[in-house]
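Take a look at the structure below.
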């Protein structure tokens, strides 16, 4: 009896995971190909031209705008590889500068894919794009003002990220994308199965407890806590996968979806990202603590504005 229920749960999760991933793949695949073409023809550097004055406002070298543009257009790793390749020809960066740069790329990276996924969850692509880039600039300027006035983290940064990685061949790149897409399906299916077990055994209340103060500050219901936990610990794609399923099941309101996606857009994969950015000399207090505090404050603020324009959602808890 128990075994048959388990088999049924696995089949149901696999079926639901396939449905979710098909929707995600329709968003991701065209963008992955377009961005690859842009990278091959070195077109992404033109995205960095308007960023030069913004980088100056944040106390960063203008050339780092290229690394940020690559991060925003492609992904975090690509941006860091560009950064590492530029280090030999640049003046030494301070810990304050690498920490500031790290925070802005954490807030605004992989934007075409991640903002389209947010759109799949029913949110405005333009708003999510503006929110994440705006949050990055605001946080970057604030950090620069703080560091320049206090003199904190003025020492040279120790950058360990390798910058001489050979570019993959087209076949290697294509195979890596296939592996990534298969992994996304497998992980989302496992997460859906875990969600069923959590709901069945009522474990969710224990998982929600550490996040209750956070969800209260942001302004979403506790129903969104477990989804936020997945997104913050594993990544936006996986958290979004659970949100898509929860929206289909009617378990999350529009208010919860907006708040959860907005928060996870600024703070996702926090464990992996924290260690990754420390490798380029960023201080953990910025890429972990400051990231979470600023993300929570900005999401809470934008939630207040959103609720004023969506008064019906205020009644949904």
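Glycine residues also receive a Cβ, built from the backbone N, Cα and C atoms like all the rest.
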For this session: Looking at the candidate ranges 2-19, 20-37, report the one that TrEMBL labels transmembrane segment.
Result: 20-37
Exercise. Out of 46-66, 67-87, which range is noted as transmembrane segment by TrEMBL?
Worked result: 67-87
Exercise. Residues sitting near the transmembrane segment (286-307): Cβ under 8 Å, six or more positions beyond its termini, same chain?
Worked result: 99-100, 102-103, 106-107, 131, 135, 138-139, 142-143, 214, 217-220, 255, 258-259, 262-263, 266-267, 270, 273-274, 277-278, 313-314
Seminar exercise, completed: Here the stretch out of 20-37, 125-147, 257-280 with the most C-beta pairs under 8 Å to the transmembrane segment (173-194) is 20-37
For this session: May I ask you to check whether the transmembrane segment (125-147) and the transmembrane segment (257-280) make contact, with contact taken as at least three Cβ pairs under 8 Å and only pairs 6 or more apart in sequence counted?
Result: yes
Problem set entry | Whether the transmembrane segment (257-280) meets the transmembrane segment (67-87): three or more C-beta pairs under 8 angstroms | yes
Seminar exercise, completed: Within the same chain, the residues 6 or more beyond the ends of the transmembrane segment (20-37) and with Cβ under 8 Å of it are 44, 73-74, 112-113, 116-117, 119-120, 173, 177, 181, 184-185, 188, 192, 237, 240-241, 244-245
Seminar exercise, completed: Within the same chain, the residues 6 or more beyond the ends of the transmembrane segment (67-87) and with Cβ under 8 Å of it are 35, 38-39, 44-45, 47-48, 51, 55, 93, 101, 104-106, 108-112, 133, 159, 161-165, 273, 276, 280
